[in-house]
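Participant: As annotated in TrEMBL:
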{"type": "BINDING", "residues": "His37, Leu39, Gly64, Glu85, Asp113, Asn128", "note": "S-adenosyl-L-methionine binding site"}
{"type": "COMPBIAS", "residues": "1-10", "note": "compositional bias 'Basic residues'"}
{"type": "DOMAIN", "residues": "44-213", "note": "domain 'Ribosomal RNA adenine methylase transferase N-terminal'"}
{"type": "REGION", "residues": "1-27", "note": "region 'Disordered'"}
Amino acid sequence: MAGGKIKKEKLRNGSAGGGGNPHFQGGIPFHKSKGQHILKNPLLIDSIIQKSGIKPTDVILEIGPGTGNLTKKLLEAGKSVIAVEVDPRMVLELQRRFQGTPFSSRLKVIQGDVLKCELPYFDICVANIPYQISSPLTFKLLSHRPLFRCAVIMFQREFAMRLVAQPGDTLYCRLSVNTQLLARVSHLLKVGRNNFRPPPKVDSSVVRIEPRKPLPPVNFKEWDGLVRICFNRKNKTLGSIFRQKTVLSLLEKNYKTLQALQLSHEGSSDDTEMALAVSALGDTLEDLSMDVDDGRDDEEMEVEDGNAKGSEFKEKVLNVLKQGDFEERRSSKLTQTEFMFLLSLFNKAGIHFS
């Protein structure tokens, strides 16, 4: 991970505020509960613009522009800016700020919730987003068609570290695996909390996300079903996880249903269906508490079932793990390639996850 630190700018004219007092810019109070933390350090803004690699011909998407500190620099660097802002007060401030300037014709403001809006075409996304929408927004962007060139986004630091985590890292999780399946992710900058007004309670990081072109040839619903099971107890062996009664029951139900209907689970080539499946990857991802390990011993999780048919299916599942030498492996150390191989082994055995 490449990265550096941005020097914190000292506050001028006293403190930006403390305790429960509102913070203002241009007479507008900011609400922390809505994720409104405005970038106030011009050196940081310049660094983000530089590292974004914006071209003069780029249509830029900005999410949560606030009062327009970053917006101004984006307008100077690119062809046009599409700013999506949910707060009508900020929309009016943006329009007021750029009205009568050469930038007014190149700025389009969409008032609404970015997670519910249909996004227009854009080449690059540069944004300081409300942190509570990090997961769903990441996958909404990656599901956008046509694919954009890259996104440079400010995230809460721990979330950013999960995005870029590698196999074996403590923070490597389902979020890491799903994001890196769809995109190349790199850490650009660590940003201290005092670069914002009002300052958030946590540090932040700027991350670059570049969608993979073409996307890997996998069924994304199947993929996420497998990864979800593997990371439910990521510090246990896969052999232990796939012995759980709940896991076996789910897989056996899928197995019997597909056998009865004789359905094919080949990955869809339809671009719209693929985009919907990608977007769904973020629907159930929590930003920071995605992986649960209850600490119980492997033996406690094993299936105690004398049913002959149940035992037969259990052996079928375990044979897949043995075939790929996965039984003693842990999901926290599996690479993207190994997850793909494991999914292909299960599918060849007629075992599916969606």
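Counting starts with 1 at the first residue shown.
In case you wondered, yes, glycine gets a Cβ from its N, Cα and C as well.
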Participant: Ranked by the number of other Cβ atoms within 10 Å of their own Cβ, which of the binding-site residues Glu85, Asp113 ranks first?
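Facilitator: Within the set of binding-site residues, the most crowded position is Glu85.
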Participant: Measure from the Cβ of Gly64 (S-adenosyl-L-methionine binding site) and count the other Cβ atoms within 10 Å, all protein chains considered.
Facilitator: 24
Participant: Quick one: average pLDDT across the domain 'Ribosomal RNA adenine methylase transferase N-terminal' (44-213), no decimals.
Facilitator: 96
Participant: Can you tell me how spread out the S-adenosyl-L-methionine site is, meaning the largest CA to CA distance among His37, Leu39, Gly64, Glu85, Asp113, Asn128, in Å?
Facilitator: 20
Participant: Given a separation of at least six residues and a C-beta threshold under 8 Å, show me what packs close to Leu39 (S-adenosyl-L-methionine binding site) in the same chain.
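Facilitator: Residues satisfying the criterion: Ile45, Gly66, Asn69, Leu70, Asn128, Met154, Asn195, Phe196.
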